[in-house]
Structure formats: C-alpha cells, structure tokens
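Student: Structure incoming, see below.
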Amino acid sequence: MSGGLAHQPSGLSSERTRVSVLGGGAWGTALALHAARMGHEVLIWALEPEVAKAINEQHENTTYLKGHQLPHNLRASNDIKEVAGYGELVLMVIPTPFVERTVSQIEGSVRDDAILVSCTKGILNDTLETPNEILKRVLPPRLHTRLAYLSGPSFAAEVAKEHPTAVTIAAEDDGVAKRVQELMSTSRFRCYRTHDVIGVELGGALKNVLAIACGISDGLGFGSNGRAAIITRGLDEITRLAVAAGASPLTLAGLSGIGDIVLTCTGDLSRNRTVGIRLGKGEKLEDITATMGGAVAEGVLTSRSTHHLAQKKGIECPVLEGIYRVIHEGADPVQVQTENMSRPLKAEVDARVAMAAHHAEVPAPPPAPPSQA
Ligand SMILES: NC(=O)c1ccc[n+]([C@@H]2O[C@H](COP(=O)([O-])OP(=O)(O)OC[C@H]3O[C@@H](n4cnc5c(N)ncnc54)[C@H](O)[C@@H]3O)[C@@H](O)[C@H]2O)c1
C-alpha cells in the first residue's frame, strides 16, 4: 500500500515572475539568491558600486555574503529607480535608519501591479515608527494596500545554504499575502501568512534587543537557566508591548515572535547576540561596532526605541530596559541583573495579555473533507 502523503498535491506554485530587491546587504542578497534559485528573474539594488560590480562580474557578494555563488539570473544595479520598476515583487531589505531616504526615491518607479515586501526589522529612534508606518508615511495611498512584511527566524547565511526555513508574511490584504506566499515558498523556504502587521513587525524588531540580553548573560557565564529566563520573560515583555500597540498575543507565539527570539537568542550567527556576548565579556560597544565591517546589529539602535516605546505605552520591561541602560547609560550588566531579580514579586501572566488572548481571533477550521462513504 502506498503512503498517503505521496499522493497529496504540492502546495507550491511553479509560476515565475520578476523580483526586485532593494538592499545588497546579507539579507537582501540571501533573499535574492533564494528567488533566483526558484527561477525568478532577479535584479538587486546595491548602494555600493563595488557590491553591484562583484555580483555582476564575480557572481558573489564579496562584501556582505561571502562564499555563496550567485546564479546568472540574479543581476545587480546601482540605479534604484531601474531596480524598483523591474519587479512584480519588490523586496525592501534596508536597515531601518535608511528606509525613508531610500524608499522616497522609488515612488514613481514601481509597477502598478507591484507588491512591496518589507523585510526590515527595527523601530526608528526619533519617531518610534515601524517600517510599515514609515512606508505608509512616505509612499502614496495607492500603494498602501500593496504592502507586505516578511519576518521570522531566518539567518541570511542559512537561507543562502538552502537550510529549511519558515517565515511569516503579514499584509492587511489577504490576497497580497497569498501572492507573496505563492511566489516565495519552496520546500526549503515555507511562508505562512497573517493580517497582524504590527505584531509581526514588533516581534521582529524587539527580539534583537533580547538577543543582546541573552548574549550579555552568556558572556558573563550565567548559564542555561539565566538564558531561558531571559527568553521567556523577554517574550512576555515583547508580548505586552505588542498587545498595547494592537497586536494579537498569538502572533508573538508564532514564527515572528518566539520563533525569531529562539533563533536570535541562541544562534551563533546572530550579530546582536554576538554584540551582547562581547559586552558581557567587558568590551566597549564602540570597539565591537568598529570590527563589524559595516554590518548592522539593529538591536543596538532598537534598544533606544524600545525604551521610549515602553515609556510611551506605560509598559514595564525590565529586561529590555536593562539593555538600554547598559548600552546607552553605561550601567553595569551584573548590577542590572541583580536589580531585575530583586523587584517586587508578581504573578507570571499579565492580565492585559490574558484578556487579549481570550479575545484573540482564531481562524475557522478548514471544512471537513467529503465523506468517503
Ligand atoms: N542578516 C540577516 O540574517 C537578517 C535576517 C533577517 C532580517 N534582517 C534585517 O534585514 C535588514 C537588512 O539587514 P542586512 O543584514 O541585509 O544588512 P547588512 O548589515 O548585511 O548590510 C548593511 C546594509 O545597509 C546598507 N546601507 C548602509 N548605508 C546605507 C545608506 N545610507 N542607505 C541605504 N542603505 C545603506 C548597505 O548597503 C547594506 O545593504 C535589517 O533590518 C535586518 O534586521 C537581516
């Protein structure tokens, strides 16, 4: 008797299109490589002329994603308008501080049928805007329903190696999220979808701060108990902040929440965790940043935004706040840890999160299969 699974139709689409990628860093290049391997025609915008040149001539991004051969259907350009107007899917993979400046250059160039997928994780320091909020401020209303967000546990280097990866696509318009799912999913890169844009964005941004906390704990040699406590209580803080901003707590229990937290807080490829480990071992932030070769550990900037966001929302976030104090106020990590553990004792589950979980929308189950009788 043959196994049932072998007869199930594949959920993967064979449709191919043109894909633009704005941002030739590690993540932009890994996503471009993934799209090109799928058979899409891919054009990537790199800020640096040497990055575009290396991709076109050596078929490798020798600056940001060394050691990965890039196929010939992945080409690069320094002309942002040309790249923005090329694809049906426009993946925006730019660190948060540069999103506004970069995206304001593309408005008139994108195709009418384009879907713009933000793959950025962060919160702007000055305005506390997420990438979605920046994009809605900068782009004309006609494009607002064409926006989607990709987030989840995904190290660029592992996607480049085709290691199995699962991510979440968030979009207000379910048709837009489904289209991105179809065009980006493979048997090695599975995309789920949700409406909860703010939940996905805050999970993706705030986990970077938590990764620094885990790194510091590991750098101090505090062991597995401490790391597990930071991950769990950090998830609680992130969930409370996200719920206060309108997110569903269920989103934070998914790929863009706990999924990305586990990845970044335990994975050795995490830049944010590495920054934390080095801070925990007593190095200075300036010295650490100077050795990163232009790569961005977004958690350093996001820790400032988190501090202000928590104040604005009136949410107590001792773990995330502790990282702000260590990085931006020069506080001693051991002192911060001692103070956090000595706070007044409290219940584990927050009442507001419990209420939100009680009212959270759970999608209806699929219809039962027709009776075989
Ligand atoms: N690297 C990963 O594994 C990974 C995974 C998921 C999400 N992300 C997110 O993707 C985003 C991009 O990160 P990355 O890892 O690809 O970047 P990176 O650190 O590898 O490279 C830095 C990028 O910033 C660009 N840049 C520098 N100055 C700029 C400017 N003035 N204007 C526009 N661009 C400028 C560079 O050209 C380069 O593309 C970040 O929000 C990050 O959190 C990264």
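Every residue number used here counts from 1 along the chain in the order it is shown.
Including glycine, each Cβ sits where the backbone N, Cα and C put it.
Keep in mind that TrEMBL annotations are predicted by a computer and have not been checked by a curator.
The following feature annotations were taken from TrEMBL:
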ACT_SITE  Lys207  active site, proton acceptor
BINDING   Gly23, Gly24, Gly25, Ala26, Trp27, Gly28, Phe98, Ala156, Arg271  NAD(+) binding site
BINDING   Lys121, Arg271, Asn272  substrate binding site
DOMAIN    19-174  domain 'Glycerol-3-phosphate dehydrogenase NAD-dependent N-terminal'
DOMAIN    196-336  domain 'Glycerol-3-phosphate dehydrogenase NAD-dependent C-terminal'
Student: For Trp27 (NAD(+) binding site), what is the secondary structure by DSSP, using just helix, strand and coil?
Tutor: helix
Student: Where Lys121 (substrate binding site) and Gly23 (NAD(+) binding site) are concerned, what is their Cα separation in Å, rounded?
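Tutor: On Cα coordinates alone, these residues lie 13 Å apart.
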Student: Setting Lys121, Arg271, Asn272 aside, what same-chain residues sit with their Cβ within 8 Å of the center of the Cβ atoms that define the substrate site, listed in sequence order?
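Tutor: Going along the sequence, the neighbours come out as Asn208, Ala211, Thr264, Ser270, Val296, Ala297, Glu298, Gly299.
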Student: Determine the C-alpha span of the NAD(+) site listed in the record, that is the greatest distance between any two of Gly23, Gly24, Gly25, Ala26, Trp27, Gly28, Phe98, Ala156, Arg271, in Å to the nearest whole number.
Tutor: 19
Student: I'd like to know which of the recorded positions Lys121, Lys207, Arg271 has the most other Cβ atoms within 10 Å of its Cβ.
Tutor: Lys207
Student: Check Arg271 (NAD(+) binding site) against DSSP and tell me helix, strand or coil, would you?
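Tutor: Where Arg271 (NAD(+) binding site) sits, the three-state DSSP reduction gives helix.
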Student: I want to check the contact list for Gly23 (NAD(+) binding site): same chain, sequence separation of six or more, C-beta distance under 8 angstroms. What comes out?
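Tutor: Ile44, Trp45, Ala46, Leu47, Leu91, Met92, Val93, Ile94, Pro95, Thr102 - these are the non-local Cβ neighbours of Gly23 (NAD(+) binding site), listed in sequence order.
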Student: List nothing but the largest Cα to Cα distance in Å, as a whole number, among the residues Lys121, Arg271, Asn272 that the record says bind substrate.
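Tutor: So the maximum pairwise Cα distance among the substrate binders is 13 Å.
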Student: Looking only at C-alpha atoms, tell me how far Phe98 (NAD(+) binding site) is from Asn272 (substrate binding site), rounded to the nearest Å.
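Tutor: Each residue's Cα considered, Phe98 (NAD(+) binding site) and Asn272 (substrate binding site) end up 19 Å apart.
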Student: Which of the binding-site residues Gly25, Trp27, Arg271, Asn272 has its Cα closest in space to the Cα of the residue listed as 'active site, proton acceptor'?
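Tutor: Closest recorded candidate to the residue listed as 'active site, proton acceptor' by Cα: Asn272.
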Student: Do you know which of the binding-site residues Gly23, Gly25, Phe98, Arg271, Asn272 end up with C-beta under 6 Å from ligand 1?
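Tutor: Close enough to ligand 1 are Gly23, Gly25, Phe98.
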Student: Roughly how many angstrom lie between the C-alpha atoms of Asn272 (substrate binding site) and Trp27 (NAD(+) binding site)?
Tutor: 15
Student: Cβ-Cβ under 8 Å from Trp27 (NAD(+) binding site), same chain, 6 or more residues apart: which ones?
Tutor: Val93, Cys119, Ser154, Ala156
